Amino acid sequence: MGRPMYLSLVTVCAAALLACPLATGWPVDSSFYDEIKRVVYGDDAAATTASPAVDSFATATDSPLLPPLSLPSSQAQNINRPVEVEGWPKSPIPRLGQVSGVAINTVGQPVIFHRGSRVWDENSFNETCHYQHIEEGPILTNTIVTLSPKTGDVLSSWGAGFFYMPHGITIDHQGNVWVTDVAMHQVFKFSPGAFRPSLTFGKRFENGKGYRTLCQPTSVAIASTGEIFIADGYCNSRVLKYSSRGELQRVFPHANEFLSLQVPHSLALLEQHDLVCIADREDMRVVCRGAELSEGSRDQAPLTIQQPDLGRVYAITSHGDLIYAVNGPTSPMIPVRGFTINPMTENIVDHWTISKDAAVQVPHDIAISKDGSSLYVTSINPNRIVKYTMTSVVPLKSE
């Protein structure tokens, strides 16, 4: 599908980790637009700010990029919008650190991956992406915590004395737990009930661009057929596909593929369309390409969702034909919020609020229940998890 010129400019700006200037297609007479914006959004609309990212290589910039006005859509259909469950969890989660990951287990319980007292900051890694605090040892707090979906109470926890810098977590159809550790440059598979990994990708504290080494891997997606997709990650900006036995099959993008990634930060599969979708964070877009679970997808052209208000996409999850996404700090004019995306039409079909009290400044991961009734977003600033239920709405054309 053809793209307007401003999207091409957004791509160029994203490569420099900056938001685009006003010249990207918005009206030149910005004062006139600001006046309309005040009427539609209220007097405080122009005062939206974003906090710097915590575990990222870029910070928010003073971009004048403006969100589009909301207009009723004549073709709008009902979709499910996440609505925050206030007062959940009912009690604080003990010793909770930066909550970098969330998944949902086979019985519908949210499982979080957090960093305890460990914090990713500018001193955590050197210029070659090697972790600088190995001598401190692993995190002594249980980093993998299962919560009650009803109350948010802790049901079980484990993982103490193993991880150094937790990042992503995935639970597959068989209950295996997959996690990534960006300090160790490794991905681990834990069988149900096991506390030691049954499968490991990458070399301990050793990064590299080869096929046996990873560099700050971020996310894992597992197909129902067992194929493994690893987003690798902050340094290598690639996605690796393995067989269920851990044998490397493909590297995305291919050497001759007209597709580049800048920090693939999260993955989601749409198996019914044979697609793997990627939160291409620093390119400020979501890209869905053939997962090659069948022969037909090899010829699919990538689908790209990139709109001016999308910002840096931190995490995505899928349910049915839709992608639910959260962005992170990008620009004072791009609010941190949630998005509902139809990847097949390459459109954002809805926007939603991450937290009513505006306390979530850096959302980091997202997961949705198998039945689509509950959704969870975790944050690394502040350290928390938010639960949502789904409410049927008719979204505005651009909300």
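Placement of Cβ uses the backbone N, Cα and C atoms for every residue, glycine included.
Quick look at what TrEMBL annotates:
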SIGNAL    1-25  signal peptide
BINDING   Val102, Asp365  Ca(2+) binding site
BINDING   Arg115, Tyr234, Arg281  protein binding site
REPEAT    152-193  repeat 'NHL'
REPEAT    208-245  repeat 'NHL'
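Averaged across the repeat 'NHL' (208-245), the predicted model reaches a pLDDT of 96. Here the CA atom of Tyr234 (protein binding site) lies 15 Å from the CA atom of Asp365 (Ca(2+) binding site). Here the binding-site residues are Arg115, Arg281, and the one whose Cβ sees the fewest other Cβ atoms within 10 Å is Arg115.
Whole-number maximum of the Cα to Cα distances across the protein-binding residues Arg115, Tyr234, Arg281: 21 angstrom.
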